[in-house]
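Q: Supplied in structure tokens, the structure appears directly below.
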Amino acid sequence: MANVTVIGAQWGDEGKGKIVDWLAARADVVVRFQGGHNAGHTLVVGDTTYKLSLLPSGIVTGTLSLVGNGVVLDPWALRDEMERLKAQGVSITAENFGIADNCPLILPLHRDLDGLREAAAGKGKIGTTGRGIGPAYEDKVGRRAIRVCDLAHLDTLEPQLDRLCAHHDALRAGFGEPPVDREKLIAELKEIAPFVLEFAQPVWKRLRDVKRDGAKILFEGAQGVLLDVDHGTYPFVTSSNTVSGTVASGSGLGPNSAGFVLGIVKAYTTRVGSGPFPTELEDDVGQRLGERGHEFGTVTARKRRCGWFDAVLVRQSCAISGVTGIALTKLDVLDGFETIRICTGYRLRGEEIDYLPSHAADQAEVEPVYEEIEGWQGTTAGARSWADLPAQAIKYIRRIEELIDCPVASVSTSPERDDTILVRDPFAD
Ligand code: GDP
Ligand code: IMO
Ligand code: MG
């Protein structure tokens, strides 16, 4: 089957957007299946930089782009993003873009709650993107959500609003906030409804039809496996399942459609927000990685925490997500380092272990066990073929493959779309 599923194998920001955009030219459809506008995907094509959060990264190449039911959708944020992209010359029409009509909506009250909780948590905060993602997913599983299809039935929304507001008013009262302004909310929904409904459709059915026609489908994951609500560094995670298995429930196409699972892996490690990070470097080296890698969040402009490559985490992510091959990104950021360290295992209270334990206290306590390899003096920046890479850089890649027990399918050497070395075409598998 010629489908490809792209997922982040670390804590997000691995360069998924660049890789999806690069692969999109060979796909017939690109589908987002989880997350929301907490994602920030930067694509560089020639002189133009595109920043996407909710729109699938296939939109830039004009590939049919669909938002699956597993996504939580903030319609106002979507409209702003679309306007921004259209101003950059990207064509977005009902022909090349669609939204699942069973997608839950992120409402202003979700953003409010996200902010109130984070402010109240003080030092214990998650460090969310403040987009209302968690509260929106809570209302989905709590069976209180307003969904895209409800926008076509606003006249009969009262009983749903009763349920939703009863819950939120109680929470808001606990924070000393006034109840939800229902009139305002209905007016806002009425205003945005025609914009959303133009793109709304049963995405599962659209996918079934294109699949029958032999379409190549590219699933675009957001965040990364270590932010998965089950498998990540809980509670410092996002509120969706970010693993490859979510493709099925988040798009409605069944578990045999994932195809080649391409894990996107940064050649070092970064994380935004709070939570354990065994290889974090709070010294000059971490500073240098951040500066060379321009490690500032696309969504919140927060500085990303940086550290050495952690093979334990990536090996775990690859196993959990059934990764077929990885796309190694940002190799060029390591150019010029005299020595490079790779974390090969952990020490927990004197004992060596080869995985990240589930308990938050253990995760915070594990100490990395490093091996050191010689860096390279030449440059990998902009390399487009294996032959352009210094021998030591190849040695680094080969060592990573060995340690994570997964082959490299491509290597990315700059933000630019075409600065990518293809080792194994995921669509050809
Ligand atoms: P995503 O969330 O996984 O899509 O990743 P982001 O877009 O948030 O962060 C990745 C950043 O690295 C973006 O600014 C990309 O333009 C940039 N990038 C992607 N691949 C490479 C690469 O191989 N080298 C360098 N130097 N930058 C890259
Ligand atoms: P992309 O798709 C990196 C992090 C937040 C926070 C935690 C919970 O660009 O890789 P949330 O707002 O989701 O409730 O925040 O998850 N986070 C990301 N970190 N990349 C992302 O997306 C992220 N999306 C959420 O920083 O730690
Ligand atoms: Mg990002």
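Keep in mind that glycine also has a Cβ here, set from the backbone N, Cα and C atoms.
According to TrEMBL, the record shows the following:
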BINDING   12-18, 40-42, Arg304, 330-332, 412-414  GTP binding site
BINDING   Asp13, Glu14, Gly15, Lys16, Asn38, Ala39, Gly40, His41, Thr129, Arg143, Gln223, Thr238, Arg302  IMP binding site
BINDING   Asp13, Gly40  Mg(2+) binding site
ACT_SITE  Asp13  active site, proton acceptor
ACT_SITE  His41  active site, proton donor
ACT_SITE  Lys140  active site
BINDING   Thr298, Val299, Thr300, Ala301, Arg302, Lys303, Arg304  substrate binding site
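Help me picture these features in the structure, burial and contacts included.
A: Sequence-distant neighbours of Arg304 (substrate binding site): residues of the same chain at least 6 apart with a C-beta under 8 Å from its C-beta are Asp13, Thr270, Arg271, Val272, Gly290, Glu295, Phe296, Gly297.
DSSP assigns Gln223 (IMP binding site) to coil in the three-state reduction, outside any helix or strand.
Under DSSP, Asp13 (IMP binding site) is assigned to coil, being neither helix nor strand in the three-state scheme.
Counting only same-chain residues six or more apart in sequence, the Cβ atoms lying under 8 angstroms from the Cβ of His41 (active site, proton donor) belong to Lys16, Gly17, Lys18, Val20, Lys51, Leu52, Ser53, Ser57, Ala222, Thr298.
Listed in sequence order, Val72, Pro104 are the same-chain residues six or more apart from Lys140 (active site) with CB atoms under 8 A from its CB. In the three-state DSSP scheme, Lys140 (active site) is classed as helix.
In the three-state DSSP classification, Thr300 (substrate binding site) falls within coil.
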Q: Under a three-state reading of DSSP, tell me whether Leu331 (GTP binding site) is helix, strand or coil.
A: helix
Q: Tell me the Cα distance separating Arg302 (IMP binding site) from Thr413 (GTP binding site), rounded to the nearest angstrom.
A: 23
Q: At 10 angstroms around each C-beta, which of the binding-site residues Val299, Leu331 has the fewest other C-beta atoms nearby?
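A: Fewest other Cβ atoms within 10 Å, among the binding-site residues Val299, Leu331, is found for Val299.
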Q: Rounded to a whole number, how many Å is the Cα of Gln223 (IMP binding site) away from the Cα of Ala301 (substrate binding site)?
A: 16
Q: I'd like to know which of the binding-site residues Gly12, Gly15, Gly40 has the most other Cβ atoms within 10 Å of its Cβ.
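A: Most Cβ neighbours within 10 Å: Gly12.
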Q: Calculate the distance in Å between the alpha carbons (Cα) of Val299 (substrate binding site) and Gly40 (IMP binding site), and round it to a whole number.
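A: With the alpha carbons as reference points, the distance is 5 Å.
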